[in-house]
Every structure is written in C-alpha cells, then in structure tokens.
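Database features (TrEMBL):
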{"type": "ACT_SITE", "residues": "His49", "note": "active site, proton acceptor"}
{"type": "BINDING", "residues": "Asp50, Val53, Gly55, Asp57, Ser59, Glu71", "note": "Ca(2+) 1 binding site"}
{"type": "BINDING", "residues": "Pro146", "note": "substrate binding site"}
{"type": "BINDING", "residues": "His176", "note": "heme b binding site"}
{"type": "BINDING", "residues": "Thr177, Asp229, Thr232, Asp237", "note": "Ca(2+) 2 binding site"}
{"type": "DISULFID", "residues": "Cys18-Cys98", "note": "disulfide bond"}
{"type": "DISULFID", "residues": "Cys51-Cys56", "note": "disulfide bond"}
{"type": "DISULFID", "residues": "Cys104-Cys305", "note": "disulfide bond"}
{"type": "DISULFID", "residues": "Cys183-Cys215", "note": "disulfide bond"}
{"type": "DOMAIN", "residues": "8-309", "note": "domain 'Plant heme peroxidase family profile'"}
{"type": "SITE", "residues": "Arg45", "note": "site 'Transition state stabilizer'"}
Amino acid sequence: MYPLVYSQLDYRFYDLSCPRLPMIVGVNVWAAVRNDTRMAASLLRLHFHDCIVDGCDASVLLDDKEDFKGEKNAFPNKNSLRGYEVIDNIKADVERFCPSTVSCVDILALAVREAVILSGGPFWPVLLGRRDGTTASQKSANEQIPSPSESLKDITAKFTSKGLDLKDVVVLSGGHTIGFAQCTTFKRRLFDFKGSGNPDPSLDSSMLSNLQSICPNGDASNTNLAPLDSTTSLMFDNSYYTNVVNKTGLLESDQALLDDPRAAALVNYYSNNPYIFSNDFAASMVKLGNVGILTGQNGEIRNKCGSVNL
C-alpha cells in the first residue's frame, strides 16, 4: 500500500486552479534545452539532488543568506548544479497566471519529465500537490547525496534510507545516459586510483587515453567536461548500460554497478532491453518524486523559488 501522503496528491491537482501550467512548463523547458542541450541532464540532476536530501521539497532551490546556509553551496552542488534559472523563469510565468498556487517542487518535477522526454526518454505520470519546504540544510546535502567515489553498498544505503532500493540505484544511474561530468568527479580513476599511483584497471584503455587528454593531471583541468555516456551523450537511451558492460562507464559509481551480482544482472538486462529500461526508469522517477514530500498544511507555496515567504 502507498503511504497516506499519496492520497493528498493528484495528477489533476492544478487543473482548475492553474490550467495553463503544463503548457507554461513545456514551452520553457523546450526553450531552455534548445538553448543549451546540457540543460535536460542538469534539470534531472537538480531534481535528484533535491529529493535525495530530506525529500522532494525544493529545498535545493533556496539561496544562502547571512543567517542561513542551504544546499546550493554544499560540496556536491557548488559550482556544478545547474538549471536554477529555468525553474525561476517557469515560476515567474506561472505566478503571472496563477499567483501563489503552484509549488516550486511541483514545477521542478514537471520540468524534469519534459526534459527527459525532449531527450528521447519516457513519459511518466507526475502526481501533483507537493508543497515547498521552509528550510534547507547544507549538512544534510553533504551527508545524503551519493558521491561518485562511494561504494555501491554505501550508495544503496543512501537510497534505501529514502524508501528506494538497489533496483532504483541501477535504474536511476541510467540517467547518466545524458549530460556531462566535471573532471574532478572521476579524475582519480585516470591517474591515481584509490592511492595506487595507477589508473583504474576496470577502465577501458582507449577510453582512459581519451579521458586523460580531456582531463590532464593537475587542478587546472578540474572543471573540464566529459560526457557521461560517450556514445550518445544527448540522447536518452540504454547505451549507458552497454558502456558499463564494455568498461567505458565514466564514474567510479557507474562501473561499481558490476560489483554486485544483482546490480550487474540488471545492467546486462537493460543493455539488451531498451524498452524495459524506459519503463523501469519511469517507475523509479515516480518513486523518487514522492520521497519525503510535504502536503496539506505542511510547508508553503513559495512566491519565489530562491527564498521562503516572509
């Protein structure tokens, strides 16, 4: 059975109060992705980093203030999380037509689905009626967001603490079929894997030399970008799993999926079954979007996504 909070969400939550909402979100996301093809992946990551830290409550969108340290400048987010302005623009448009009605967290959930669809990925139904959190925690973000250098066991523990499971880890890792990562997130695989002084032996040798040219050893290359899916970096497909099977996954956490027999079996399965991956990705996104949500009288409907209401 679903927990009780689900009963307060509804696919048609805004049908009467803000009928233009789907169109406003769709047009804005289309324009943002047309302007910057990376934006689809950036919005997906923004949603994940919101939901995996104390639940989906748009806390990741709150700006730091003198007396408040939120999630934007937490280690996993600082100078790497993107797409805030896309959500802010949608919110501004929505406020013109339906003031104080639609939460920032619902806007983000809808925007992510549009971004994935525009990249060739699946549709999934988005339940609506979540409310925005009134606080955020830099400490929580530092502790709860999985790191690319963590073991699969530790990453899975972070997922299970949110009501997700190992299958969701494998499926949502498939979101790395689009987007780019900064060299700093995988550089130790290229030069000094786990303090060995040598590259990661599980990384394909031609991929290794290609990545070493993108990310020369030294801090100057830390913000250089490499595609998470080296075959079809802008297309949402199942080639991420083929890459992992072929030892051309980019992040340690991608390649680590083969360390567990259950995860490895799923990786192999998805590499051969694109439609089943699409269906399972849609199902895991529904689960992710319902982690730790606020409904009813809890939270608020923010007027601006970067700050709580006064």
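Using N, Cα and C of the backbone, Cβ positions are placed for all residues, glycine too.
Comparing CA positions across the recorded positions Cys98, Cys104, Pro146, Thr177, Asp229, the one lying closest to Ser59 (Ca(2+) 1 binding site) turns out to be Cys104. Take the Cα of the residue listed as 'substrate binding site' and measure to each of the recorded positions Cys18, Cys51, Asp57, Asp229, Thr232: the nearest one is Cys51. Note: the Cα of Thr232 (Ca(2+) 2 binding site) and the Cα of Asp50 (Ca(2+) 1 binding site) are spaced 26 Å from each other. Listed disulfide-bonded residues: Cys51, Cys56, Cys104, Cys215. The one with the lowest count of other Cβ atoms within 10 Å of its Cβ is Cys215. Neighbouring residues of the recorded Ca(2+) 2 site, listed in sequence order and excluding Thr177, Asp229, Thr232, Asp237, comprise Ile178, Thr231, Ser233, Met235, Phe236, Asn238, Ser239, Tyr240 (Cβ within 8 Å of the Cβ centroid).
If you measure from the Cα atom of Val53 (Ca(2+) 1 binding site) to that of Cys98 (disulfide bond), you get 28 Å. Using CA atoms as reference points, the recorded positions Cys18, Gly55, Glu71, Cys104, Cys305 were checked against Cys215 (disulfide bond), and the closest is Glu71. Nearest by CA distance to Cys51 (disulfide bond), out of the binding-site residues Asp57, Thr177, Asp237, is Asp57.
Reported as a whole number, the C-alpha separation between Thr177 (Ca(2+) 2 binding site) and Arg45 (site 'Transition state stabilizer') equals 12 Å. Looking at Cys56 (disulfide bond) and Cys104 (disulfide bond), their Cα atoms lie 10 Å from each other. Same-chain residues at least 6 positions away in sequence with a Cβ under 8 Å from that of Arg45 (site 'Transition state stabilizer') are, in sequence order, Leu81, Arg82, Gly83, Gly175, Gly179. When the Cα atoms are compared, Cys183 (disulfide bond) and Asp237 (Ca(2+) 2 binding site) turn out to be 23 Å apart. Neighbour density around each Cβ, counted as other Cβ atoms within 10 Å, peaks among the recorded positions Val53, Cys98 at Val53.
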